[in-house]
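Noted in Swiss-Prot for the protein shown:
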type: COMPBIAS; residues: 1-36; note: compositional bias 'Gly residues'
type: REGION; residues: 1-39; note: region 'Disordered'
type: DNA_BIND; residues: 43-49; note: DNA-binding region
type: REGION; residues: 70-81; note: region 'Subunit association domain (SAD)'
type: REGION; residues: 145-164; note: region 'Disordered'
type: COMPBIAS; residues: 153-164; note: compositional bias 'Low complexity'
Amino acid sequence: MADGPGSPGGGGGSHESGSPRGGGGGGGGGGGGGGVREQDRFLPIANISRIMKKAIPANGKIAKDAKETVQECVSEFISFITSEASDKCQREKRKTINGDDLLWAMATLGFEDYIEPLKVYLQKYREMEGDSKLTAKAGDGSVKKDVLGSHGGSSSSAQGMGQQAAYNQGMGYMQPQYHNGDVSN
């Protein structure tokens, strides 16, 4: 293991030793050294690859080392932001980190440009989460059926689709547009 349990993000240890990076199979992975298993530290490489492919032209290719580098950067970024948010929660004597804590940490650490789109996302998420909690309390989903019947096809799920569309529009900066080989956001 390259990292000790108390070293968020790796502390400079190299992962070029041929170890699997979310490649599936390879059960276990932890040798009992007390560190975090690599598959627990990193997001799956397939997910990283899928996200990266959305940002390049359809015929573009991404080298394996580029995917692995982004995979490690994402892990480091998550640790960096979460650590700052955790420190804030400890100072405020709270045990749970919430979305607002993460946004505060991002602003504190210099990622101000991402705050507004993430606030939009967080608001939409909370609205949708609230709707799903109400539906879950109804048991078998009869609330949706009642709404469908009394409003002629206008249901809370249709509202959810509208919210998802608003979310997709708000986060459109993440999917660059390509015109004649040029990238524009």
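Each residue, glycine too, has its Cβ placed from N, Cα and C.
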Per-state residue totals over the region 'Subunit association domain (SAD)' (70-81) - DSSP helix, strand, coil:
12 helix, 0 strand, 0 coil
Do you know the DSSP helix, strand and coil residue counts for the DNA-binding region (43-49)?
5 helix, 0 strand, 2 coil
